[in-house]
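As given in TrEMBL:
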REPEAT    B:53-84  repeat 'WD'
REPEAT    B:214-255  repeat 'WD'
REPEAT    B:259-292  repeat 'WD'
REPEAT    B:517-549  repeat 'WD'
REPEAT    B:560-601  repeat 'WD'
REPEAT    B:604-639  repeat 'WD'
Amino acid sequence: MASSLSCLLKLSLVADQANAASGMAVHDDCKLKFLELKAKRTYRFIVYKIEEKQKQVVVEKLGEPAQSYEDFTASLPADECRYAVYDFDFVTEENCQKSRIFFIAWSPDTARVRSKMIYASSKDRFKRELDGIQVELQATDPTEIGLDVIKSRAS
Amino acid sequence: MSQLAETYACVPSTERGRGILISGSPKSNAILYTNGRSVIILNLDKPLDVAVYAEHAYPATVARFSPNGEWIASADVSGAVRIWGTHNDFVLKKEFKVLSGRIDDLQWSPDGMRIVACGEGKGKSFVRAFMWDSGTNVGEFDGHSRRVLSCAFKPTRPFRIVTCGEDFLGQTNGLMSALADLYHVLHLGPIAEDGLSISRAPAWLCRACPMILLKDHSNFVNCVRFSPDGSKFLSVSSDKKGIFYDGKSGEKIGELASEDGHKGTIYAVSWSPDGKQVLTASADKSAKVWDVTEDGNGRVKRTLTCPGSGGIDDMLVGCLWQNDYLVVVSLGGTISIFSASELDKAPLSLSGHMKNVASLSVLKSNPKVILSSSYDGLIVKWIKGIGYSGKLQRKENSQIKCFAAVEEEIITSGFDNKVWRVPVNGDQCGDADSVDIGSQPKDLSLALHSPELALVSTDSGVVILRGTKPVSTINLGFAVTASAISPDGSEAIVGGQDGKLHIYSITGDTLTEDAVLEKHRGAVTVIRYSPDVSMFASGDANREAIIWDRASREVKLKNMLYHTARINCLAWSPDSSSVATGSLDTCVIIYDIDKPASSRTTIKGAHLGGVYGLAFTDEHSVVSSGEDACVRVWRLTPQ
């Protein structure tokens, strides 16, 4: 019992030290929700936000499987940075139903420079937590997350 | 979805003091010429049927069809030759770097296996012949010391190559040119057709290239061409003479008669398909058709002049005899097509722009008429469905930077401080009235319902003109980049270098600032009111366009960020339901006001070099013009 507790403590300590670059911790919920999306397909998309005061990446929004790509792009704020994961379903030329998990680093030109810097430096550390991302996309304005861009990156 | 409906082609680019070479197809009535970095294929039977090849990285100089009509070889100023297919989307076969300088002429051998290119090499090679598919060198050419202006392949056996140029050999009285005649290697090889005999014997081919120098001209020799049966060749020169030589031996056999001959430099020559006549084009503004007599002399049969304005633009710099058509090109870019069988008939004149077409205007009263202007001061009138309809002749041909047109008037400004108002009736321009406004105009707009009111923006402010009187000059305190005045003249919008849009209401002669809109993240480049005046659209240098509601000054449609370079021009459709933007990235994007910006129609590669002018002729047709000097009409089909 005591050993498992100390194990957990050690794990969280390691997690904090590993993120020395920007000092952002990753909330456990982030990884949990991502695994649910990947394995059980309970969400269409997840939007993550960095809470500067708590120095953590937390889950901001979850999208139902029924929601569309437009709902997803509408949930990204126009002036602030976010990380997002989207499960994209499409049909290939050979008529196979396929899906790809996209990681989108949303960093609009109109956001504050400080915000862009924090998101950019924490991105690699955060991505490593989410095991199973197939395509990564960086978007700086709404045209770069257009549906045609996603479709072309999916194949 | 969009489709190219019509192309109003540019004309060949010309240079004072040099001739140009145009060539024709052996199979059809298509001719080839170059403008800027494009090669244009024009069909003489249907002048609206134009294809443009725009793959050269440097300005192209000459292009030729291969003898079987399947391939075109085109050359540019960097010394590269590209060989591409006539059909199949101009697929590239090969590109070779042939000379180290500009290539002036290019010829295919009669069997289509070899190409000879001549021009300016830096001290070393001025002429090179190579195999068309592998680029291997075939033959050495010595003896030229200056630019080689033209070359020709003898079409029949025994094969010869003739080259001519600007050489001068340092004679005492300053004789300035030489004509070099080479015995082509084909003549000496045992079997020439398979080509193998050539590559098997490189050693003796260099030694066995006797060359004959012919020094009968006293000035630059501009063009040399063999007759179709190969029995003679004719060289024409800046000394106003043309000399016939025997095709086999290179001996002089006669000249073009000097009585009734040309009085200026002869720039180009072309043989008729039967070899009995030649056409020459000269700087004395006339083209002459000569009968070739048995003894090898030429007698003038006919002198052709093209109708023109009478200036240096009428000097003829290029000619071609293509089956029944006699094509003559003038320095001003006008292509005149005469009929060989009816020399008395007036020629068909085609013209267009030679330089970047910076603005376009469609007259509301007659949407089939399109006016386009380029910075060299040329204004051309086009009619949709017919093509070239005439040039607007202005009394003073100053350069044009900004251009606006209403029913019977054109207002232009150039690179000096003047704004010109020109009344137009039909194709003639009346006397222009000019006003000096003190600094260079940056942008110009007319209040469409009361055209005597014009708003001119300069570097630091605006000037309101009533007629040609500046009623007020206002210094606004910020760097102005674009401006627009509402059709009723009550409101003006001025855009600045910092991306802010200032809205002013005009009362009498003063401007009072009503609002400042900040949304653009780059200098504002164009502002336009919608035809129903309920909205206005603005584009900036940061590739974004925004549509605003005029009354509430709120953003109506945003995220129009799909261009990848600065927005140069913007146009509204007549029913105010869609907006087209043209950019430096060569694309035209059409947005629908009622749909989000992501559902857009993109026309990629509309104009090589950037789109500079845009206008709608009706709900479903957009006209665009750009750096490649062409004007294109696109038909839009709703999705």
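One-based numbering along the chain as shown.
Cβ atoms here come from the backbone N, Cα and C positions, even for glycine.
Values in this document were obtained by computation on a predicted structure and should not be read as measured data.
Just going by CB pairs under 8 A, the stretch in B:53-84, B:560-601, B:604-639 that sits most against the repeat 'WD' (B:517-549) is B:560-601. For the repeat 'WD' (B:53-84), the list of distant contacts is 13, 21, 23-28, 30, 32-34, 36-41, 90-108, 110-112, 115, 117, 119, 121, 132-133, 608, 628: same-chain residues at least six beyond its ends, Cβ to Cβ under 8 Å.
For the repeat 'WD' (B:517-549), residue counts in helix, strand and coil come to 0 helix, 19 strand, 14 coil, using DSSP. Each residue in the repeat 'WD' (B:53-84) gets a DSSP state, and the totals come to 0 helix, 18 strand, 14 coil. Counting residues per DSSP class in helix, strand and coil order gives 0 helix, 19 strand, 15 coil for the repeat 'WD' (B:259-292). Mean pLDDT for the repeat 'WD' (B:214-255) in the predicted structure: 84. Counting residues of the repeat 'WD' (B:214-255) by DSSP class, helix then strand then coil, yields 0 helix, 22 strand, 20 coil.
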